[in-house]
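S.K.: Below you'll find the structure I mean.
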Amino acid sequence: MAGGSFVSSGSAHYEGKVTGFVLVTCFVAAMGGLLFGYDLGITGGVTSMETFLIKFFPSVYEEMTNATEDKNQYCKFDNQLLTLFTSSLYLAALIASFFASTTTRMLGRVPSMFLGGLFFLVGAVLNGFARNIEMLIIGRILLGFGVGYCNQSVPVYLSEMAPPKIRGALSIGFQMMITVGILVANLINYGTSKHKNGWRISLGVGAVPALLLCVGSLCLSETPNSLIERGQHEKAKEMLHKIRGTDNIEPEYQDLVDASEAASKVTNPWKNIGQPIYRPQVTFCSLIPFFQQFTGINVIMFYAPVLFKILGFGDDASLMSAVITGGVNVVATFVSIFSVDKCGRRVLFLEGGVQMFICQVIVGSMIAAKFGVSGEGTFTKVQADLLLFFICAYVAAFAWSWGPLGWLVPSEICSLEVRAAGQAINVAVNMLFTFIIAQVFLSMLCHMKFGLFYFFAGFVVIMTIFIATLLPETKNVPIEEMNTVWRSHWFWSKFVPSDSDVAAHTDQKAVP
């Protein structure tokens with residue numbers, strides 16, 4: 001659609017090359033995604049382990065094993081306390097994201113990453129040694145604080161450190177680490193499922209990526225944007241030299257200084273981001289994470305073993321199926337890494353939307369044909385393999401579209417004065433609806449049955465139309481030149497004035 005495209009002919013192009021230093025720093029920072037991914041993958045496997053259910057959720061275990069229980073397969077795991085174990089983390093992450101916004105802006109991106117790793121480390125240890133449900137939930141809350149801080153700081157760090165021409169690929173490193181974390185978690189669940197205290201190992205191993213992030217963040221350098229924002233101009237110049245690999249950094253440095261000066265006139269980023277000129281940023285920082293959760297992906301990611309068990313896969317088969325989908329998730333993310341800066345963000349969003357819709361309709365129809373509304377039935381091996389194929393095709397579509405781009409686009413579209421607030425909105429909305437989906441999914445499956453997959457397919461149609469009509473292309477556009485994109489768009493140009501008007505508006509807001 002022509003209205004959604006953008007040709008970046010008017011934006012700046014800075015001199016520089018891809019240095020080994022920036023690749024290493026972005027790799028280390030992206031490890032923050034391991035925390036989120038590991039938890040997404042580990043939770044579903046742990047909640048399907050009998051020893052875990054017997055200790056913490058005996059009523060669920062009784063319902064699952066009682067042959068005379070008058071409940072269908074759809075309602076097998078419908079228990080609010082069990083879902084609270086999963087969803088409490090995301091509610092904590094939502095709350096933490098607002099504190100992380102202030103930390104990221106005032107202290108820098110790296111301290112926020114360190115705090116995130118530290119929170120997650122303590123939470124993982126508590127979960128691994130949990131003796132009661134209270135200790136388990138407290139550990140989950142601390143894990144949530146860790147996820148909130150990392151999801152706030154890491155995408156911003158990556159987008160600011162990366163050269164514009166490969167910003168998409170390096171920023172997607174965060175999503176790549178999420179997928180790796182999910183896969184590792186699924187493998188650990190598979191290996192510990194028969195162990196008496198396998199759930200303790202699964203939950204406790206989360207301390208390993210957290211420790212790696214804590215140690216790694218101590219070795220990271222701060223971004224030039226953050227250094228300038230906090231008045232450390234000489235350090236910012238040195239860092240630009242280092243990450244761009246060229247002496248000619250003045251054009252980019254001056255743009256960063258100009259952006260910082262404009263940002264310094266804004267005393268309240270939260271009040272400022274509500275102004276009409278930031279309407280595009282608020283829209284995408286709110287609706288992209290909302291839509292990302294309503295693709296239904298987390299139904300697959302943190303309930304995969306439970307879902308596959310409900311659909312008639314055996315214990316080992318359900319865990320192995322989760323490992324397979326986790327592997328597909330990792331491989332498909334590479335597609336996004338290699339294509340996002342060539343094909344652009346819009347192409348991946350649109351193709352992924354179409355593929356997800358088709359797969360969800362087919363999966364829903366297969367479940368409807370076999371289980372109907374009664375919830376009674378089983379899949380043959382051939383049917384189960386076919387179902388797994390379409391679920392994997394759905395996961396692949398998400399992994400090269402809404403998965404990585406759901407974090408990339410919000411992190412790259414906000415100007416410096418509202419960047420921390422914009423990312424906080426992104427994380428908060430993401431965590432809020434991750435919490436809601438996690439809390440109500442098993443109940444929705446019980447009541448909506450196979451219709452749940454049609455429900456998410458309907459949202460995929462809406463979000464694909466949203467992207468097609470309203471999201472301009474942002475590939476290869478320097479992060480501090482992003483306003484050029486909005487001024488060139490058929491719709492957003494109504495809200496975003498010229499640079500001179502923006503300066504006058506900011507000056508006016510700065511006057512007490």
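We count from 1, first residue shown onward.
Quick reminder: no glycine exception, Cβ is built from N, Cα and C everywhere.
Worth saying up front: this structure is predicted, and the values here are computed from it rather than measured.
TrEMBL lists these features:
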- 25-475: domain 'Major facilitator superfamily (MFS) profile' (DOMAIN)
- 20-40: transmembrane segment (TRANSMEM)
- 81-100: transmembrane segment (TRANSMEM)
- 112-130: transmembrane segment (TRANSMEM)
- 137-158: transmembrane segment (TRANSMEM)
- 170-189: transmembrane segment (TRANSMEM)
- 290-312: transmembrane segment (TRANSMEM)
- 319-340: transmembrane segment (TRANSMEM)
- 352-373: transmembrane segment (TRANSMEM)
- 385-403: transmembrane segment (TRANSMEM)
- 423-445: transmembrane segment (TRANSMEM)
- 452-471: transmembrane segment (TRANSMEM)
S.K.: Excluding the flanking five residues on each side, which residues at least 6 beyond the ends of the transmembrane segment (352-373) place their CB within less than 8 Å of a CB in that stretch?
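M.R.: Residues 72-74, 295-296, 311, 379, 383, 386-387, 390-391, 393-394, 396-398, 400-402, 449-454, 456-457, 460-461, 463-464, 467 contact the transmembrane segment (352-373) from elsewhere in the chain.
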S.K.: What residues in the same chain, six or more past the boundaries of the transmembrane segment (112-130), come closer than 8 Å to it by Cβ-Cβ distance?
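M.R.: The answer is 29, 32, 35, 56, 96, 100, 103-104, 136, 138-150, 152-154, 157, 200-201, 203-207, 209-214, 217-218, 220.
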S.K.: Against the transmembrane segment (137-158), which of these stretches has the most C-beta pairs under 8 Å: 20-40, 81-100, 385-403?
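M.R.: By Cβ pairs under 8 Å, 81-100 leads among 20-40, 81-100, 385-403.
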S.K.: If you count Cβ pairs under 8 Å, which stretch among 170-189, 319-340, 385-403, 423-445 touches the transmembrane segment (81-100) the most?
M.R.: 423-445
S.K.: Under 8 Å between C-beta atoms and at least six residues away from its ends: which parts of the chain pack against the transmembrane segment (385-403)?
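M.R.: Here the qualifying positions are 175, 178-179, 291-292, 295, 297, 300, 311, 321, 324-325, 328-333, 335-336, 339, 348-349, 351-353, 355-356, 359-360, 362-363, 366-367, 379, 463.
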